[in-house]
Amino acid sequence: MWHEARKHERKLRGMMVDYKKRAERRREYYEKIKKDPAQFLQVHGRACKVHLDSAVALAAESPVNMMPWQGDTNNMIDRFDVRAHLDHIPDYTPPLLTTISPEQESDERKCNYERYRGLVQNDFAGISEEQCLYQIYIDELYGGLQRPSEDEKKKLAEKKASIGYTYEDSTVAEVEKVAEKPEEEESPAEEESNSDEDEVIPDIDVEVDVDELNQEQVADLNKQATTYGMADGDFVRMLRKDKEEAEAIKHAKALEEEKAMYSGRRSRRQRREFREKRLRGRKISPPSYARRDSPTYDPYKRSPSESSSESRSRSRSPSPGREEKITFITSFGGSDEEAAAAAAAAAASGAAPGKPPAPPQTGGPAPGRNASTRRRSSSSSASRTSSSRSSSRSSSRSRRGYYRSGRHARSRSRSWSRSRSRSRRYSRSRSRGRRHSDGGSRDGHRYSRSPARRGGYVPRRRSRSRSRSGDRYKRGARGPRHHSSSHSRSSWSLSPSRSRSVTRSGSRSQSRSRSRSQSHSQSQSHSPSPPREKLTRPAASPAVGEKLKKTEPAAGKETGAAKPKLTPQERLKLRMQKALNRQFKADKKAAQEKMIQQEHERQEREDELRAMARKIRMKERERREKEREEWERQYSRQSRSPSPRYSREYSSSRRRSRSRSRSPHYRH
């Protein structure tokens with residue numbers, strides 16, 4: 001079967017090759033015989049017999065039927081021909097009053113150019129009418145001379161150069177008739193064409209190359225053309241136009257051949273290179289569907305300060321106009337420079353730092369945002385209170401500033417707290433706060449105070465809280481833990497509240513803690529304490545500043561930069577990769593299950609074969625036992641004491657049966 005397929009394939013391949021070669025030969029043949037369509041029209045006149053029968057021809061050509069036309073005996077005509085009555089043809093005299101329009105005149109000049117172009121060239125080259133007719137006769141008789149193409153000429157020239165010998169018979173001497181001309185009217189193009197020809201008579205269809213003519217030859221050509229109804233300068237101008245048209249046709253033909261050469265599925269790269277080469281010099285304008293920036297406008301009428309502070313772009317990259325200024329901690333210890341920097345940051349954000357907040361409405365958002373604290377941390381909390389007990393969940397994301405080293409950390413904390421409040425209200429507040437720390441250090445404890453505001457008036461109360469942040473990977477570079485007590489005011493209350501916290505922190509900047517607190521006057525809460533929390537107000541003691549400077553780089557080494565946000569293309573790529581992994585795992589699992597199933601089926605078939613072989617052996621053994629019992633009963637009936645010969649036969653048959661039963665073929 002395979003050999004037949006190979007034979008059929010070889011046959012098809014041979015047919016394809018034959019068709020391709022035949023198409024190439026056909027194309028070459030048509031390329032050889034292809035000519036200019038203007039040269040297809042030919043008028044032939046020759047003597048021929050009208051009547052094939054000789055008797056009828058003689059009768060038709062007898063003087064009875066033939067008569068001279070216009071008295072010329074050399075020109076005989078049939079007397080039944082209608083042209084016999086045209087004995088007088090008057091000369092045509094155009095009317096003097098009829099004027100020809102410029103369009104008609106130009107058309108007539110073009111027609112004269114097409115009619116008498118060959119005659120003008122012959123007059124310019126000094127070729128007589130007999131020579132021209134003889135050349136036409138030679139062309140019709142022998143089918144024209146195939147002039148070698150330019151590629152063949154180049155190949156022949158390369159061969160001549162490689163051999164180092166000039167063939168004298170490759171060119172023919174110039175025509176004697178041209179050499180005997182009294183005036184040097186022959187153009188260089190005509191000389192080259194004459195030298196290339198193998199015949200004595202040059203090719204009549206070769207046109208004059210206009211670019212190689214000098215001014216005298218151009219004037220002579222135009223003068224020769226005026227006798228044939230053309231205006232002065234028409235002939236050379238139309239010759240140049242014809243040459244440009246021929247060049248354009250040649251260029252278009254070359255393009256078509258190049259396109260045909262690049263046809264097919266495997267030539268996409270060549271077609272692309274050809275298209276790029278053609279469009280290389282052009283300037284391409286951007287398409288109409290290119291992306292344009294959307295217009296930005298304010299849909300509502302707002303005050304300028306409110307619209308500028310609250311309208312934000314949705315783009316993730318910050319615009320250069322609203323880029324916030326980054327302030328760095330340069331010193332610790334309550335210097336005037338820090339206060340000036342804080343004041344400048346507050347002024348740049350566009351809000352007064354000491355502006356009192358407006359009283360909140362019940363169940364509405366709390367207005368008034370401190371813009372100077374907005375850059376440090378943002379927290380949103382929603383609290384619901386029913387019958388003096390409220391459960392609130394707040395999720396806060398605090399983004400700390402940059403240190404000098406360029407490292408930053410993001411700390412996310414979620415805290416669930418239950419608080420007990422004296423007043424029943426339902427409030428939802430969003431706050432952005434800024435922590436300021438001051439105070440001294442007392443045997444490892446750090447005290448910090450931060451002014452804060454809350455969405456409603458809450459009586460001053462003292463709370464103690466302990467927070468722990470666990471570190472999964474503890475490093476012993478700075479000691480495993482340190483205790484700090486801090487007195488802080490909650491960031492959104494009008495009346496300050498103090499909280500003392502003992503924090504245990506490691507070297508991890510992102511910590512999550514869950515806390516539940518139930519307090520009337522005291523509350524215990526677990527709150528996240530990031531190790532690299534930046535405090536903008538300077539501490540009272542420089543020892544705390546030194547300790548911060550030492551602990552901050554150690555924490556920054558472990559955290560590293562925040563994870564960049566993925567673009568939609570990267571997310572789609574990641575999703576596709578996950579889907580491919582899942583599909584690969586599923587395919588692998590299916591293949592393993594299929595292999596296990598095949599192994600199980602093979603094991604079952606082997607078990608069935610073993611069971612069948614065991615049954616066959618048991619049946620064979622039972623049959624042999626029955627035969628032996630029958631033989632024993634039969635011989636015991638014949639004689640109780642068997643003869644020695646029988647005993648030998650019996651013992652030998654018994655041995656044979658035992659050897660068969662113990663043969664390895666039946667052993668299991």
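Every residue gets a Cβ built from N, Cα and C, even glycine.
A quick note: this is a predicted structure, and the numbers were derived from the prediction, not measured.
Lifted from Swiss-Prot, the feature list:
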COILED    579-641  coiled coil
COMPBIAS  182-214  compositional bias 'Acidic residues'
COMPBIAS  265-283  compositional bias 'Basic residues'
COMPBIAS  396-435  compositional bias 'Basic residues'
COMPBIAS  475-486  compositional bias 'Basic residues'
COMPBIAS  653-668  compositional bias 'Basic residues'
MOD_RES   SER101  phosphoserine
MOD_RES   SER285  phosphoserine
MOD_RES   SER294  phosphoserine
MOD_RES   THR327  phosphothreonine
MOD_RES   SER331  phosphoserine
MOD_RES   SER335  phosphoserine
MOD_RES   SER541  phosphoserine
MOD_RES   THR567  phosphothreonine
REGION    173-232  region 'Disordered'
REGION    252-668  region 'Disordered'
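Features per Swiss-Prot, on structure.
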residue: SER101; record: phosphoserine; DSSP class: coil
residue: SER285; record: phosphoserine; DSSP class: coil
residue: THR327; record: phosphothreonine; DSSP class: coil
residue: THR567; record: phosphothreonine; DSSP class: coil
Neighbour-count leader, CB within 10 A, modified residues: THR327, THR567: THR327
Under 8 Å by Cβ from SER285 (phosphoserine), counting only residues of that chain that are 6 or more apart: none
Reported mean pLDDT - the coiled coil (579-641): 92
Outside the compositional bias 'Basic residues' (265-283), six or more residues from its ends: residues with CB under 8 Å to it: 258-259
Cα distance (Å, whole number) from THR327 (phosphothreonine) to SER101 (phosphoserine): 89
Number of other Cβ atoms within 10 Å of the Cβ of SER101 (phosphoserine) across all protein chains: 8
Rounded Cα-Cα span from THR327 (phosphothreonine) to THR567 (phosphothreonine), Å: 29
